[in-house]
Amino acid sequence: MSKVHVFDHPLIQHKLSYIRDVNTGTKEFRELVDEVGMLMAYEVTRDLELQDVDIETPVTKMTAKRLAGKKLAIVPILRAGLGMTDGILSLVPAARVGHIGLYRDPETLKAVEYFAKLPQDITERQIIVVDPMLATGASAIEAITSLKKRGAKNIRFMCLIAAPEGVEKMHEAHPDVDIYIAALDEKLNDKAYITPGLGDAGDRLFGTK
């Protein structure tokens, strides 16, 4: 069964309060999402493997630690997931970035993939799928399903806020995928918006509301 990691770090919660605030403008919203993405990435990458390397400092020779094992790939779900990507890249600049685009079918209400561009060695990488919100879970589930169909195995999902309904659906669909969130909100409303939530993350990031 997948685990849900909820971050209670004071800096994350402080910045999240401004992200939620309806009075926060597009520029500040974008900067805050980027910053929280970076802060969350510290914890999401906590268990990356290290290996010993011999180096020489200006004073003496020593054995130091560097990242080893599987390389990292970040896969934002278009378009809102783009807002969290640069924050992670600021910590792990060598990571590759893939993209998955989804839209909701107006009749079936299911998420349908319309675009996917991934690193060629995606099967060999540890993957962080990013999207600011986990509401119904449909988009995240479809994105992860798409990655698995392409051979990806080591996948994590990272978002700012989640609804219990979305978390439950993710557990059912992908019990092997851990979920990392800044806040677990109360519920979905009758329009499938997370409550209290932050509104439409894509519109607020790109000023299109």
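The backbone N, Cα and C atoms fix where each Cβ goes, and this holds for glycine too.
For the 5-phospho-alpha-D-ribose 1-diphosphate site that Swiss-Prot gives as ARG104, ASP131, PRO132, MET133, LEU134, ALA135, THR136, GLY137, ALA138, SER139, ASP200, the extra residue drawn from ARG46, ARG66, ARG79 is ARG79. A coil conformation is recorded for ASP200 (uracil binding site) in the three-state DSSP classification, outside any helix or strand.
Here the binding-site residues are GLY137, GLY199; the one with the fewest Cβ atoms within 10 Å of its Cβ is GLY199. The Cβ of ALA135 (5-phospho-alpha-D-ribose 1-diphosphate binding site) has 22 neighbouring Cβ atoms from other residues within 10 Å, across all protein chains displayed. When secondary structure is read from DSSP and collapsed to three states, SER139 (5-phospho-alpha-D-ribose 1-diphosphate binding site) falls in the helix class.
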